[in-house]
Amino acid sequence: MYTLFFCFSSVFLFCYFFSGCAIIRPPRDGGIRYRGLTQEQVDVQILPVDYEIEYICRGSRVIVGPKVRKCLSNGTWTDLDLQSRCCKFSLCSFTSSASSPECSRKKLYIGALFPMSGGWPGGQACLPSAQMALDLVNNRSDILPDYELELIHYDSMCDPGEATKLLYDLLYTEPIKIVLMPGCSSVSTLVAEAARMWNLIVFSYGSSSPALSNRQRFPTFFRTHPSATLHNPTRVRLFQKWNWSKIATIQQTTEVFTSTLDDLEQRVKEAQIEISVRQSFLTDPAVAVKNLKRQDARIIVGLFYETEARKVFCEVYKEKLFGKKYVWFLIGWYADNWFKIKDPAINCTVEQMTEAVEGHVTTEIVMLNPETVRGASNLTSQEFIAQLMSRLGGKNPEETGGFQEAPLAYDAVWALALALNKTVAPLRAKGRRLEDFNYNNKDITAEIYRALNTSSFEGVSGHVVFDAQGSRMAWTLIEQLQGGSYKKIGYYDSSKGNLSWYGNDKWIGAGPPADQTMVIDQYRYLSQKLFVSVSVFAGLGILLGIVCLTFNIYNSNVRYIQNSQPYLNNITAVGCVLALAAVFPLGIDGHHVHRSQFPVVCQFRLWLLGLGFSLAYGSMFTKIWWVHTVFTKKDEKKEKRKHLDPWKLYATVGGLLAIDVLSLMIWQIIDPLHVTVEQFTKEAPKADLDVLIQPLLEHCSSKKMNTWLGVVFGYKGLLLLLGIFLAYETKSISTEKINDHRAVGMAIYNVAVLCLITAPVTMILSSQQDASFAFASLAIVFSVYITLVVLFVPKMRRLITRGEWQSEQQDTLKTGSSTNNNDEEKSRQLERENRELQKIIQEKEERVTELRSQLAERQALRSRRHQSSQNQNQNHSAPSPPSSQAEPPSYSPGTEQHSLPPSFSNSSNLYQGEGKLSRNHCHNSRLPLLYK
């Protein structure tokens, strides 16, 4: 059975304007007889009005249908609604003796599921397109001449549950279907996975799920709609073109979108692009959209069906997730006016939806051949669209679901017809026919599979060819919604990596937005007014320190200055100058030097401050330590330490300095200082800019900074506390050797208090550069000023007001520089003599005390003997008269008081010795003279 092709409508119009009819193609195994025309007239391809042609057939074939056609004035032929075929006589049937023969053709049935509603109502345009292809195929005499394709279709509503029921009806209801044609990915997944159990080829026109490329799971699946993963190379290429390195995704939780997103994640990872946010939803996208807003998503890839897209963008409008800061990437196979369709599931107006979707970008597989090429169906893409519009009855394409996929459905029917036609000969060689197919016949299925796998032809959607997974290979169209309508902005060939760009992309802002809020690093620098002010005070302090040092050196020969240990005071002045010099590097930051030079500034800060403290405070601490050691110990220890040599004082200062130098060297060798940058909370500028300010602050730090600071602060803190204690203990002591130790104690009080307060405060305020610098620098300035004023100003005042420096200088000029040394030597000699005399006096006093005790004992013994002798005399003179009557002859009253017993004969020697002591040694009245 052969089909006769007739002229297309465009040719008819051409013939009408030129007053003639185009020549019709003859039937297969037949021809056309031209009456009264030469070959040259036939070659013109235009026949005049009222001209008649006659069909003839070869061999035993007969004409079925009109044998003669006449050219009408409107450029058409008569009886075009009736087909003329050349048919074998054995295939012709006669309904009556008078009727003309009709060709009987075997029917092959295609079970199709077209979603006329649901998430993707693609059947609205795809079903008419498929019927167009079937009509043309069945009218072709060179494609399946003995067969007729018939479509049995149902509405799957893009619902797998509904599709399951319909699939059951298709399989268990006569007639047998040779091929299944589902639409949606979710439906195709179900059908393709079950079809292999019935040895059925599944050919889809609208399934993009990447999961369907799994040949192990879907061994008999083919599709003219490319895999959704074909969008991903295009998306990645656009991300790179617009310099985006961070994206976000939101998807509907279905297998097609999940597998597409998995493929996208792998591709962006290879391109070093980060997916910062990944959200999904089942039916309500409100929470997912809010999460995108909260996590500052800017470049958003949306993967969902058309009905869910309206829900998403209604929430997008509510969350203000649109505008010049945002770019949405959507699937391109929605209807052109999908956002204008009234949907009871959302509560947003058309105007709000239009505002929310403005500027979004779609990636869409090229579904309509952009070139004017006639393919297997002998139609160009433009002619196909014209005929499709005619079948739709003038329905608005933007309101017709699946209008963009209609060329794929059209080419799917043609690919299936060409493949079936290709299997006729191999099956005939095996003694098989297509009409012999049943659900247990694997041979016919294998032949159809091989024919589809090797298909290659030009269709209205472009060149049709399938890869090893049965997926269509095609270009990708890039469109952007501009002013409420989609504009083509480029094409991408993923097989060659070629991007064809039109350059007409349009943005709400000045250009493509940033992939995230642009963060501008802004370093915080010290206030220059504060730095200059403190530097002036530090400079004046350095000048004061130099003046004090010069004064002390110039008047070092004055006795009053000498008694204050001038060399220690000189060290104090030098330390104060170094400490003030540390103020300058404390205020130097990235505003003054490059970051590479900043570690040098850190070293200056550390060393100047450390050495300055060691010299200034160490010298004062040494003074107060020596005073406390000498005047608060026992007498014997006091005598041993009272004459401490000056070099020992300097050695003490040197020891403190050596400890600091050694600790600083170890610190810098093991863990040197380097620059660290502290980040603060991002700040939004006052202007309406899509930027955030990232405040940064440079610090001098090391890996174990807290450990080192703990060691240094602990050591210094103990010195400060000990200095306070020693100053308090020696506040009432007066000594000419260090005549300014009370002033030193006062300076130690001030330095210790300022340091103990400032050190923790500056650590707490380290993130506030102005406050930290103010506390640290002013503490240094005040402590240095107080130290210099307390130590040196009284000396200046005394020397100037009393004129001591003048008299001392004059005496020095007259007597020479040895005068002070001689006086000091004499003073030392007198002190030695005084100590010797004190020892002698102490020994004599002990001897006198011993003798007096002996004398008292003897006097007591004498009195006892005298009383006993009196008692004896009374006993012998009891009978004699009283004493008034008779006196002993030897009694002499005048000598009773001077007569001593023999035992007291040495008493005169005792008194003589005491008198000798008074003559040869010092009397007690002379002792004060020895202490003067």
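Even glycines carry a Cβ here, placed using N, Cα and C.
Since we're looking at a predicted model, the values are computed, not measured.
According to TrEMBL, the feature compositional bias 'Polar residues' maps to 805-821. Residues or ranges marked as compositional bias 'Basic and acidic residues' in TrEMBL: 823-833. The compositional bias 'Low complexity' feature in TrEMBL is assigned to 868-910. The annotation domain 'G-protein coupled receptors family 3 profile' is assigned in TrEMBL to 537-815. The feature region 'Disordered' is assigned by TrEMBL to 805-833, 848-932. Per TrEMBL, the feature signal peptide maps to 1-22. What TrEMBL lists as transmembrane segment is 530-555, 567-586, 606-626, 647-670, 707-728, 748-767, 773-793.
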Residue numbers, six or more beyond the limits of the transmembrane segment (530-555), whose CB comes under 8 Å of its CB atoms: 561, 566, 569-570, 573-574, 576-577, 580-581, 583-584, 587, 770, 773-774, 777-778, 780-781, 784-785, 788, 791-792, 795-796, 799, 805
The transmembrane segment (773-793) and the transmembrane segment (707-728) contact flag, 3+ Cβ pairs under 8 angstroms: no
For the transmembrane segment (606-626): best-contacting stretch of 567-586, 647-670, 748-767, by Cβ pairs under 8 Å: 567-586
Cβ-Cβ under 8 Å with the transmembrane segment (647-670): same-chain residues at least 6 beyond its ends: 565, 567-568, 571, 603, 606-607, 610-611, 613-615, 618-619, 621-623, 625-626, 702, 708, 711-712, 715, 719
Local confidence of the domain 'G-protein coupled receptors family 3 profile' (537-815) - pLDDT mean: 80
